[in-house]
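Per TrEMBL, these features apply:
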BINDING   83-88, 135-138, 171-180, D206  FMN binding site
BINDING   R296, T530, S591, R592, K597, V598, Y599, V600, Q601, D634  NADP(+) binding site
BINDING   R452, Y453, Y454, S455, C470, A471, V472, Y476, G486, V487, A488, T489  FAD binding site
DOMAIN    77-222  domain 'Flavodoxin-like'
DOMAIN    277-516  domain 'FAD-binding FR-type'
TRANSMEM  20-40  transmembrane segment
Amino acid sequence: MADMDPETATNTAGEEEPLFSNLDLFLFSLIVGLVIYWFMSRKQPEPIPEFKKLDTPTQTTRETSFVEKMKKTGKNIIVFYGSQTGTAEEFANRLAKDAQRYGMKGMAADPEEYSMGELGRLAEIENSLAIFCMATYGEGDPTDNAQDFYDWLQENDDENLSGLNYTVFALGNKTYEHYNAMGNYVDKRLEELGAKRIFDLGLGDDDGNLEEDFISWREQFWPAVCEHFGVEASGDESSIRQYELKVHSDVNMNKVYTGEIGRLKSFEVQKPPFDSKNPFLAPVTVNRKLNKAGDRHLMHLELDITGSKIRYESGDHVAVFPTNDSELVNKLGEILGVDLDVVISLNNLDEESNKKHPFPCPTTYRTALTHYLDITNPPRTNVLYELAQYASDPKEQENMRKMASSSPEGKALYQNWVLDSCRNILAVLEDMPSLKPPIDHLCELLPRLQARYYSIASSSKVHPNSIHICAVVVEYNTKTGRVNKGVATNWLKNKLVNGHKSTVPMYIRKSQFRLPFKASNPVIMIGPGTGIAPFMGFVQERGWLKQQGKEVGETVMYFGCRYKNEDYIYQEELEEAEKNSVLTQLNVAFSRDQDHKVYVQHHLKKNKEHIWKLIHTDNAHIYVCGDARNMAKDVQTAFYEIAEEYGSMTRTQATDYVKKLMTKGRYSQDFILQD
């Protein structure tokens with residue numbers, strides 16, 4: 001009643017008060033109305049609006065199902081490859097091709113392109129077999145294209161692969177700590193998941209003779225497969241072509257590839273993101289010689305990545321796509337007597353194959369030999385075998401077939417005549433005058449020219465729009481009196497700043513070679529020669545962190561070269577860093593400035609008490625970069641000796657101690673072969 005005005009209150013005084021006032025009736029009606037509304041709204045829910053489905057193309061099974069593809073094409077053998085430099089892919093193609101000679105049908109497959117969860121379904125195909133050619137990359141890691149497969153193997157403990165027949169050939173290098181780790185893991189893991197190994201794991205060592213390892217394994221593998229499946233080899237040893245030639249007499253030159261890795265005209269219209277299939281054309285802004293004297297050429301290049309949206313971290317690798325020397329290409333054209341500027345396509349005879357061409361087509365022979373094919377490495381035995389038919393001299397034909405065989409005499413001949421003599425395909429053609437293969441078959445057989453990797457010599461904190469490369473130009477005399485030149489380093493050497501074609505197709509490959517998360521952790525860097533490259537980035541970054549006011553731990557450098565006055569590269573930068581206390585200690589070994597050789601490991605032993613304190617007490621991180629074959633082993637031995645002496649350990653305990661540092665990410669190594 002407090003809401004009624006005074007006049008209304010006076011008029012009603014003395015009258016009999018009703019049971020419900022007007023206000024009570026109003027509030028009652030409002031409550032009833034709300035209840036009815038709530039009840040009705042529940043009975044008739046608001047219809048959910050229908051959204052029109054987006055018209056997305058449905059993926060066919062054929063695109064990701066290797067089992068369906070094998071059924072459709074009548075194949076029973078699939079060869080998966082994990083490849084970083086192309087060798088594992090090449091071996092996979094050879095094995096797939098071999099299958100036909102043994103009365104079977106095979107296909108090579110990139111695990112990145114297929115659903116590997118279908119491995120268990122291979123049992124649906126009679127006499128089926130999966131072969132895995134798996135290379136190991138970095139610190140025992142899978143190759144980029146096998147990463148998803150590796151993750152799948154790790155995550156699927158409940159997978160039943162009891163119907164899968166398999167074998168593995170592993171590709172690695174004994175100089176690395178994690179020799180053939182990926183191949184060993186795949187072999188063991190498939191067995192754990194119930195798959196049946198039908199032939200022993202093959203181990204290929206690139207530090208020895210990888211080709212011989214593969215041939216020896218392959219020669220025993222195929223008879224074992226035939227015995228397992230109860231089939232007889234067809235005995236067909238004739239050459240089997242995978243591609244057919246098409247010559248384009250009337251073609252729009254705008255549709256012809258001129259060196260692009262992926263998309264046509266991608267070098268004219270650049271679109272991020274940039275990767276191995278879509279490299280960025282980075283202008284060369286600096287190209288200077290680092291060494292003051294001597295017969296070698298050590299160089300420092302800077303690539304401009306402004307506007308590319310490319311990001312990198314200290315320790316990452318830059319991949320560059322080089323081109324072959326035009327002189328070599330012209331000589332190949334002359335010796336084969338062909339017009340290199342004819343526009344051609346090599347089309348896969350298997351229409352169902354994902355790989356339609358061996359390299360981007362249509363293109364010219366000149367472009368193929370310049371941008372797409374490896375013409376500088378010694379040809380593998382399968383190339384010699386296939387080309388032997390084109391030698392008109394019976395003796396030359398016999399020698400080529402012998403070198404491709406698994407006989408001890410044939411292996412020795414291949415080792416001596418091809419590998420030890422460093423004969424590339426041009427040298428083979430020059431030294432076997434009767435050998436005149438059709439150029440299209442030669443182009444089919446030669447492996448792809450691969451990207452070359454360099455440790456980045458800069459920090460993105462200091463140089464966000466620039467990537468630095470440090471490299472030594474490779475050039476040497478062979479036993480045959482020829483001069484062989486490394487493809488990439490000679491190509492980079494000739495890149496003129498702001499000159500014609502002064503761009504470098506490149507992309508970034510991420511690495512595990514990283515500075516410690518805590519800047520206060522000390523770091524010990526060991527990098528003789530061009531092995532100093534990643535440490536130039538590390539030093540720049542530690543200096544930047546100090547400028548930001550961060551607490552930065554001790555930064556110790558061990559560098560080595562031949563002569564102080566000849567090849568002490570980055571001397572000014574290193575001494576400036578030491579002067580500014582960015583480098584707390586700079587140790588340089590000049591191996592030939594005195595009668596006895598002095599290397600980085602000798603300097604390590606000189607400072608062993610300080611090193612032990614940094615490692616054992618101060619939680620230091622150790623980084624080694626450079627020669628994997630000798631230096632890395634000698635440095636590791638030096639750390640064993642330090643642990644033995646100052647940690648009172650046996651050699652076995654010291655070895656385990658260093659291995660634990662590696663496992664914890666406190667002992668990292670970065671080795672890249674340059675050519």
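All positions are counted from 1 along the displayed chain.
Each Cβ is built from the backbone N, Cα and C atoms, and glycine gets one as well.
Across the domain 'Flavodoxin-like' (77-222), DSSP assigns 64 helix, 35 strand, 47 coil. Recorded residues V472 (FAD binding site) and K597 (NADP(+) binding site) have their alpha carbons 21 Å apart, per Cα-Cα distance. Comparing the binding-site residues A135, V472, A488 on other C-beta atoms within 10 angstroms of each C-beta gives the minimum for V472. Here the domain 'Flavodoxin-like' (77-222) returns a mean pLDDT of 94 for the predicted model. In this structure, the C-alpha atom of C470 (FAD binding site) lies 25 angstrom from that of S83 (FMN binding site). N173 (FMN binding site) has Y454 as its nearest neighbour among the binding-site residues Y454, G486, S591, Y599, going by CA to CA distance. When the binding-site residues A488, S591, K597 are compared by Cα distance to S83 (FMN binding site), the shortest distance belongs to A488. Of all the binding-site residues listed (R296, R452, K597), R452 sits in the most crowded Cβ setting, with the most other Cβ atoms within 10 Å. S591 (NADP(+) binding site) sits 24 Å from Y176 (FMN binding site), counting Cα to Cα.
For the FAD site, whose annotated binding residues are R452, Y453, Y454, S455, C470, A471, V472, Y476, G486, V487, A488, T489, the maximal Cα to Cα separation is 23 Å. It is 28 Å from the Cα atom of A488 (FAD binding site) to that of Y599 (NADP(+) binding site). Y179 (FMN binding site) sits 21 Å from R452 (FAD binding site), counting Cα to Cα.
The closest partner of G86 (FMN binding site) among the binding-site residues, by CA position, is G486; the full candidate set was G486, Y599, Q601. The binding residues for NADP(+) are recorded as R296, T530, S591, R592, K597, V598, Y599, V600, Q601, D634; their greatest pairwise CA distance is 25 Å. The candidate set comprises the binding-site residues S591, Q601. Of these, Q601 has the most other Cβ atoms within 10 Å.
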